[in-house]
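What Swiss-Prot says about this one:
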- 2-74: domain 'RRM 1' (DOMAIN)
- 73-82: compositional bias 'Basic and acidic residues' (COMPBIAS)
- 73-94: region 'Disordered' (REGION)
- 97-168: domain 'RRM 2' (DOMAIN)
- 167-187: compositional bias 'Basic and acidic residues' (COMPBIAS)
- 167-350: region 'Disordered' (REGION)
- Ser193: phosphoserine (MOD_RES)
- Ser195: phosphoserine (MOD_RES)
- Ser211: phosphoserine (MOD_RES)
- 216-227: compositional bias 'Basic and acidic residues' (COMPBIAS)
- 240-255: compositional bias 'Basic and acidic residues' (COMPBIAS)
- Ser241: phosphoserine (MOD_RES)
- Ser262: phosphoserine (MOD_RES)
- 272-289: compositional bias 'Basic and acidic residues' (COMPBIAS)
- Ser278: phosphoserine (MOD_RES)
- Ser298: phosphoserine (MOD_RES)
- 299-308: compositional bias 'Basic and acidic residues' (COMPBIAS)
- Ser308: phosphoserine (MOD_RES)
- Ser335: phosphoserine (MOD_RES)
- Ser340: phosphoserine (MOD_RES)
Amino acid sequence: MKPVFCGNFEYDAREGDLERLFRKYGKVERVDMKAGFAFVYMEDERDAEDAIRALDRFEFGRKGRRLRVEWTKSERGGDKRSGGGSRRSSSSMRPSKTLFVINFDADNTRTRDLEKHFEPYGKIVNVRIRRNFAFIQYEAQEDATRALDASNNSKLMDKVISVEYAVKDDDARGNGHSPERRRDRSPERRRRSPSPYKRERGSPDYGRGASPVAAYRKERTSPDYGRRRSPSPYKKSRRGSPEYGRDRRGNDSPRRRERVASPTKYSRSPNNKRERMSPNHSPFKKESPRNGVGEVESPIERRERSRSSPENGQVESPGSIGRRDSDGGYDGAESPMQKSRSPRSPPADE
């Protein structure tokens, strides 16, 4: 009977799951479970052909892996016509004190069941069950060899078990490895190893090479960028420079300068209050500094009055202020303008 190879399923897959999967296409005699793959023995080869055609590339398990199902290249142990196939493959490996046991009932088999099955061949030091396989460690290597020859392809709880040497002897910490795990590092295992892209992502060189987004963030948090965000000297001079305030006062209109510079703005006299409340109050008439008596003429009013004067803008000088005589003249000294206008010829005799 030629077994069917089934691979690429999950490591925690159970023998019963594979058996139920292949049972849809014919009677399954047994399933020889390994680490990550298995050999399925079917009673009729035509049923095995149907299973290969239907299940190859079939999604199986929780992760939906695609199974690899095909004929094996050589017959394995358990073949009734050549029952020593598995024994020959085990004897070709380096003998050790630890045996690798598979294809038992992982749901119901306990450590005590394995001890009972292997105790007749020598003193057992340690028994460990890992999911669907187990390790049996003997005290002497000769006892392990005797147990291998006697128990391979034997029945344990109605299951035909497969026994081989472990790749590495168990030590005090129990670090035995299955022989199929070492074979599993062949091309089938390498295909499942991390891709070069992932290795590149985890390498120190990739960590030093920043992405464009990281470079942008680095630029934003750099000290140079922080200094550019600090207040500029220009803004400081605008906020705290007294020259800037004087420039603003210089740019104001003459009316605003008159209002700001006039001491009557802060006057609290009743006359000032009444004048401000008066509807006839002009913003250009300011009180004189003589206790609010009289009005000070603004430059604009003076200019308007000079334009409307019959003397064409010729006004009296401050030095000519005095009492007017009865004929409209002045009692004081004449201004230079009046002297220029006075007739230079002597008065005519009457």
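Keep in mind that glycine also has a Cβ here, set from the backbone N, Cα and C atoms.
DSSP gives Ser298 (phosphoserine) a coil state; it is part of no helix or strand. Within 10 Å of the C-beta of Ser298 (phosphoserine) there are 19 other C-beta atoms, taking all protein chains into account.
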